[in-house]
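These come from TrEMBL:
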- 37: active site, proton acceptor (ACT_SITE)
- 175: active site, proton donor (ACT_SITE)
- 10, 70, 146, 147, 148, 149, 177, 197, 198: substrate binding site (BINDING)
- 35, 37, 70, 175: divalent metal cation binding site (BINDING)
């Protein structure tokens, strides 16, 4: 089993006036990576931030934290080079935004970043499957992208289970409404990269929430390997 349990707080749930210190705080509380949501007001209705902010955050936190860029943008090819230059580590684009995923995957890899491929709730997992051998991570959205605070969509778990059965060593990320009350469903389905927003960031004790989430995933992974 070549994948591991990783917890990535969604920094959009932070106090945006203190984003740099919030990123540092999350890493100090045991986060494995940071999930950065980029929205352009086209692919999703909201607007967040772009590569200048990422560059500032990289300067603030140093070279070590892994930046997983969730690019909720209608022209993902436009931002590959700027994000790479700004210090992004993984570029996760939405399958729904491109007619040439293969070219985009190649471009991301050539820029020195890892490749993530995301699908919205309405997109079938079979549409992602042809690219699964060329990417580092598949992101199964468990809410509609673009807004925080939505209810977790449990009916997305069969997508995760199918991906785990078909691509046993692939990193599989879930994002949206994931926290202590929903983590076990994600972990049992086979997700290993867990994005959690307010459940971690707004907690009085983020460290204990991160530990709880990671333990749930690790235990499910252990059970899966014993069941094989």
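Cβ from N, Cα, C; glycine included.
Of all the binding-site residues listed (10, 198), 10 sits in the most crowded Cβ setting, with the most other Cβ atoms within 10 Å. Of the recorded residues, residue 177 (substrate binding site) and residue 35 (divalent metal cation binding site) place their C-alpha atoms 14 Å from one another. Cβ proximity to the divalent metal cation site centre (mean Cβ of 35, 37, 70, 175, cutoff 8 Å) flags the following additional same-chain residues: 8, 10, 12, 36, 68, 72, 92, 139, 195. Of all the binding-site residues listed (146, 177), 146 has the fewest other CB atoms within 10 A of its CB.
If you draw a 10 Å sphere around the CB of the residue listed as 'active site, proton donor', it holds 25 other CB atoms from the protein chains shown. A gap of 12 Å separates the Cα atoms of residue 198 (substrate binding site) and residue 175 (active site, proton donor). Around the residue listed as 'active site, proton acceptor', the same-chain residues six or more apart in sequence whose CB sits under 8 Å from its CB are 10, 11, 12, 48, 70, 72, listed in sequence order. Less than 8 angstroms from the CB of residue 35 (divalent metal cation binding site) sit 8, 9, 10, 11, 68, 70, 175, 195, each of them six or more residues away in the same chain. For residue 70 (divalent metal cation binding site), the count of additional Cβ atoms within 10 Å of its Cβ stands at 27 [all protein chains shown].
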